Amino acid sequence: MKRLEVSNQAKLPTQFGEFYIQCFREKNSNGSKDHLVIFTLDFPENPLVRLHSECLTGDALGSQKCDCGVALQMALERISKEGGLVIYLRQEGRGIGLFNKVNAYALQDKGYDTIQANEMIGFKDDERDYGIAGEILEYYRIKKMRLLTNNPKKIAALEKYAEVTRESLIVCANEHNQGYLEVKKLKMGHLL
């Protein structure tokens with residue numbers, strides 16, 4: 001854990017129940033980035049884990065363009081009952097950052113899908129790196145987990161660190177995110 005600085009733990013009462021939070025500061029040549037872990041105090045040997053990338057528009061503003069905010073809420077609700085943790089990675093817009101995400105949204109408003117929009121502004125379909133999540137799992141000594149995801153890249157990344165059983169997290173489509181969800185399934189291989 002040479003590149004991680006770990007904060008103290010603090011209580012976080014939520015609408016889903018009481019959690020604890022802890023911050024992990026990732027240090028690299030570009031500076032530092034803080035990631036948050038939201039967890040139940042006593043989680044089982046095979047906990048529920050949600051690897052969630054930051055989505056300000058979905059998580060905080062309730063955007064209907066994506067499934068992020070609803071998926072996070074569903075995960076917190078299940079984890080509060082069954083025990084586990086959310087690893088909240090600061091990788092806005094599948095790793096392209098908020099500024100670029102807004103530019104990609106503008107292209108989506110013109111009819112381009114999420115992948116086309118990213119590529120038009122010079123990015124791959126997904127720029128995220130999940131290596132830090134593996135270090136966080138090691139910190140909590142998690143060797144086995146039930147991963148709440150539909151993303152095969154997350155499964156493959158975390159299988160390097162622990163035994164992973166996938167549990168799907170299906171968010172209902174709406175008129176604003178239906179095309180987005182179809183692209184995730186057809187072009188990104190999501191298990192929807």
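Every residue gets a Cβ built from N, Cα and C, even glycine.
All protein chains included, Glu54 (GTP binding site) registers 20 other Cβ atoms within 10 Å of its own Cβ. The GTP binding site feature in Swiss-Prot is assigned to Arg50, Leu51, His52, Ser53, Glu54, Glu92, Gly93, Arg94, Thr114, Thr149, Lys154.
Within 10 Å of the C-beta of Cys66 (Zn(2+) binding site) there are 21 other C-beta atoms, taking all protein chains into account. The Zn(2+) binding site annotation in Swiss-Prot covers Cys55, Cys66, Cys68.
Taking a C-beta cut-off of under 8 angstroms and a sequence separation of 6 or more, Asp126 (active site, proton acceptor) has the following same-chain neighbours: Arg94, Gly95, Lys153, Met188. Secondary structure from DSSP puts Asp126 (active site, proton acceptor) in coil. Summarising the annotation, Swiss-Prot assigns active site, proton acceptor to Asp126.
For Arg128 (active site, nucleophile), the same-chain residues that are 6 or more apart in sequence and have a Cβ closer than 8 Å to its Cβ are Ser53, Leu89, Gln91, Arg94, Gly95, Lys153. Among the features that Swiss-Prot reports, active site, nucleophile is placed at Arg128.
Here Arg50 (GTP binding site) comes close to Ala71, Leu72, Ala75, Leu76, Ile79, Gly84, Leu85, Val86, Ile87, Leu147, Leu148, Thr149, Leu169: these same-chain residues lie at least six apart in sequence, with C-beta atoms under 8 angstroms from its C-beta. Sequence-distant contacts of Gly93 (GTP binding site), defined as residues of its own chain at least six apart whose C-beta falls under 8 angstroms from its C-beta, comprise Cys55, Asn100, Lys101, Ala104. Considering only the binding-site residues His52, Thr114, Lys154, the residue whose Cα is spatially closest to the Cα of Cys66 (Zn(2+) binding site) is Thr114. Taking the C-alpha positions, the distance from Thr114 (GTP binding site) to Cys68 (Zn(2+) binding site) comes to 14 Å. Glu54 (GTP binding site) sits 8 Å from Cys68 (Zn(2+) binding site), taking the CA atoms of both as reference points.
Taking a C-beta cut-off of under 8 Å and a sequence gap of six or more, Lys154 (GTP binding site) has these contacts in its own chain: Leu51, Tyr130, Leu147.
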